[in-house]
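**Student:** Here it is: the structure, laid out below.
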Amino acid sequence: MRRAQPVSLGYGCLYKGTMVHELLHAVGFYHEHSRSDRDIYIDVFTENAKQDAVTQFEKLKSWQNRLLTPFDMESVMLYGSHAFARAPGLLTMLAKDGSHLTEVYDKPGLSAADVIRVNKLYNCSK
């Protein structure tokens, strides 16, 4: 049985990266920075996040996520370094090598690994 999955985009969500991000949520994807293995690749600074956004940075238990590909720094499902910061200039995430993460709204769309994940999850060969 097919059911509809509504997707609503509010003010400020009309960027390609943001739209693709929300569509991936609609088809069952979690945030890349929620992966159980994220601490190997990124540092998360929840103390710098807005109080009502701290849950955006929660890490999944290993049995809760599907690690279909290695961690992807280019994924449209990975927030940028300043996402939900409680003040301008504060970092909420940073790559382990010290590099900043691109904000979702600045991403062009799906990364190569995002495409592989969608294909694996939905058994698509092309």
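Keep in mind that glycine also has a Cβ here, set from the backbone N, Cα and C atoms.
Pulled the feature table from TrEMBL, pasting it below:
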- Glu22: active site (ACT_SITE)
- His21, His25, His31: Zn(2+) binding site (BINDING)
- 1-125: domain 'Peptidase M12A' (DOMAIN)
**Student:** Within 10 Å of the Cβ of His25 (Zn(2+) binding site), how many other Cβ atoms can you find? Include all protein chains, please.
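**Tutor:** A 10 Å sphere around the Cβ of His25 (Zn(2+) binding site) contains 13 other Cβ atoms.
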**Student:** For a three-state summary based on DSSP, what are the helix, strand and coil counts in the domain 'Peptidase M12A' (1-125)?
**Tutor:** 40 helix, 8 strand, 77 coil
**Student:** The domain 'Peptidase M12A' (1-125): mean pLDDT?
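**Tutor:** Its mean pLDDT is 93.
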**Student:** Write out, in the order they occur in the sequence, the residues of the chain not among His21, His25, His31 that have a C-beta within 8 Å of the mean position of the C-beta atoms of the recorded Zn(2+) site.
**Tutor:** Glu22, Leu24, Phe29, Tyr30, Val76, Met77, Val104
**Student:** Rounded to an integer, what is the Cα-Cα distance in Å between His31 (Zn(2+) binding site) and the residue listed as 'active site'?
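**Tutor:** Counting only the Cα atoms, the answer is 10 Å.
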